[in-house]
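Per TrEMBL, transmembrane segment is recorded for 21-44, 50-73, 182-205, 225-252. The domain 'Palmitoyltransferase DHHC' annotation in TrEMBL covers 136-261.
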Amino acid sequence: MFLERICIQCQKSCIENAGLFCTRAFGFLPCFFVLVIIACGYYVTTVATFIPLLSSSLVGGILGLVVTQLLALNIVINFLLSVVCDPGGVPSSWKPKESMMKTTRGSWSRKVQLVQTDSTGDVQPTMTWEFKRNGAPRFCRYCATYKPDRTHHCRSCKRCILKMDHHCPWINNCVGFYNQKFFILFVYYAFLGCLFASVTGVMALKRALFIIGEEEGKQVVVAAIQVICYCLTTIFGLALLFFAVFHTMLVLKGRTTIEMHEIRDPARARMVRKYNLGWKRNWKKVFGNNWLYWFLPVRWSIDGDGLSFESNMDEQQMSLVESANEEGV
Ligand SMILES: [Zn+2]
Ligand SMILES: [Zn+2]
């Protein structure tokens, strides 16, 4: 039985490997669909609207084509970066310092100083705020690793993701600390692109509908394609408007999508709210400190490493909050 043979490297049967390969390959189908929608919007603006406009209004046509190319470039770059950029995993060297994991009374310490030991042997102390209910450091049983604050295990990616926002099937990737900006910029630019195509493509749509009603043959097929592309772009744009508003709201509140659900749990609500540093600083934590880079597909001037996060409370305040929680207030 050829397919039952075990792979020496990954210790899985060929059937299992084939299954994994298919799962990953099918995972890219929604990405392909997104690229088709982008192509539809590009077709509506470039081919159906602005190239025909060049004959009647040269300036208007050129201006429209330039705006279209800039939007398309930003959409594609941010989309590809969201797909290929690693959202961030927990370094194998990141673990709690044994001596600080237990208090003198033998119970788990609530505030544990954790150390990150990199390959050079350097020890970098980091403070974490999130612990299990019994006070023990958070641990992922699937990855067999400790979890930094805001890290969650993704069942689709089968690993822990730093500052996990959510797993997005449209990019076949998790949205996490290192690709959050690219994902949100993709949503912004894709929405702007769809809006631009829907507004400027109205004349082309009217023309296409007229052709469908009056003409016959190949022209009708082309006009029908234009109408379908216009409708897909507009529907996609409406969905993106919702996502753009939703993610902007989360960024300004200093929250991830997972934390938005966690905040409903009163025990977690206070822990989640401590990441809110005020809307200006929250925005800069995702888009960077230098406004010149905010809307460029780069991560320049973004602080942090995804392993520890600033809090709006100091240690003393946190102790008060925790004792209040323990007393059931
Ligand atoms: Zn994990
Ligand atoms: Zn994932």
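From the backbone N, Cα and C atoms, a Cβ is placed for every residue, glycine too.
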List the helix, strand and coil residue totals of the domain 'Palmitoyltransferase DHHC' (136-261) as derived from DSSP.
-> 75 helix, 17 strand, 34 coil
Same-chain Cβ contacts of the transmembrane segment (50-73) under 8 Å, 6 or more residues past its ends?
-> 38, 41-42, 189, 192-193, 196, 200, 204
Rounded mean pLDDT within the domain 'Palmitoyltransferase DHHC' (136-261) lands at 94
